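Visitor: As annotated by TrEMBL, active site, proton donor/acceptor applies to ASP217. The feature divalent metal cation binding site is assigned by TrEMBL to GLU18, ASN164, ASP217. Residues annotated as substrate binding site in TrEMBL: ARG110, ASN112, GLU130. For 16-276, the entry in TrEMBL reads domain 'SMP-30/Gluconolactonase/LRE-like region'.
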Amino acid sequence: MASYKVEQLPSPLSVLGEGPHWDVERQSLYYNDIYGGSIHRYDYAENKTYNATIDGFPVISFIIPVKGNDRHFIIGTDRKVTLVDWDGRSEKATFVRTVGEVEPTMEDNRFNDAKVDSKGRFYGGTMRLEAKGDIFEMRLGTFYRYDAKRGEFVTLKKKIGVSNGLCWNETGDLFYYIDSCDLDVKEYRVDANGDLTGERVVIDFRVNGEKPSFVPDGMTIDANGSLYVATFGGSTVYKVNSKTGKVELEIKLPCEQVTSAAFGGPNMDILYVTTSAKEFKTPQPAPAGALFAVTGLGVKGTPMYPVDLS
């Protein structure tokens, strides 16, 4: 069993830190604070986090670099994918244009987690706003991929509670997905178009049919195919064997609301973990909301990709 070390990195305490994305070229981790309305870049060489806001966008669901322009990023704003310009250092980023919008009449929904596959295709899903009630009450979300050539969103799954944790295996033919309200991780086969078939439950976190004390949130994968599932309310990232569904390691964090994870660093062997400082009732004590680095896991992650908008 791997012995690991958890280190808090110099970063602001996020209201709801999310969306970690490791950029190999810039040796930086990009992530966002959903309800802090900010985007962040942790610079590995400087061991420093740069923070920015965008006027007019108080809620930001994700941040992903854009292929071919090192100043351009897409962010999630309400039910839109929005293109912004940021130099990675300034305290302000600027709006460029709206890439696309889903569910224009569903004002109580917003985008949540989103990622990009090895072909540069955007995948992301929606959820009902947390302030509108218990997340388990209604399934108003939809999971999409974006067809950049046609400029349209393709529906992959409907009746989603909270669209979360997305990752692909190294060859890109298997996709792993979390709807937090299902309390499990599902596997799909990916066809040539990027559509999903053949649903299989990898792990169900219920115990004897009862809900656990947490919900599965963001997720990443290592080069061996093991999944790393963040638990909101569980103080843990679970390492899960994607073939057997067995928990291989419990990575403990010094705060309760663990939101997502991504591998990065010069050797792709550091697990970066985002957290949340404020549930929707009770603020959590520090270091909740911090960015953490987990080392000593003895594995490497798989690359993350910029979105191709061409």
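Note that the numbers count up from 1, one per residue, in the order the chain is shown.
Glycine too: its Cβ is placed from the backbone N, Cα and C atoms.
Any TrEMBL annotation is an automated prediction that lacks curation.
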Visitor: What whole-number Å value do you get for the CA-CA distance of GLU130 (substrate binding site) and ASN164 (divalent metal cation binding site)?
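Guide: On Cα coordinates alone, these residues lie 14 Å apart.
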Visitor: When you average the Cβ positions of ARG110, ASN112, GLU130 for the substrate site, which other residues in that chain have a Cβ within 8 Å of that mean position?
Guide: ILE34, SER61, ASN109, PHE111, THR126, MET127, ARG128, LEU129, VAL162
Visitor: Using all protein chains in view, find how many other C-beta atoms are within 10 Å of the C-beta of the residue listed as 'active site, proton donor/acceptor'.
Guide: 27
Visitor: Excluding GLU18, ASN164, ASP217, please set out which residues of the same chain place their CB within 8 Å of the center of the CB atoms of the divalent metal cation site, keeping sequence order.
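Guide: The answer, listed by sequence position, is ASN112, ASP113, VAL162, GLY165, ILE178, SER180, GLY218, ALA230, PHE232, THR259, SER260.
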Visitor: Average the per-residue pLDDT over the domain 'SMP-30/Gluconolactonase/LRE-like region' (16-276) and send me the rounded value.
Guide: 97
Visitor: Fill in the CA-CA distance, the residue listed as 'active site, proton donor/acceptor' to GLU18 (divalent metal cation binding site), as an integer in Å.
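Guide: Given the Cα positions, the residue listed as 'active site, proton donor/acceptor' is 10 Å from GLU18 (divalent metal cation binding site).
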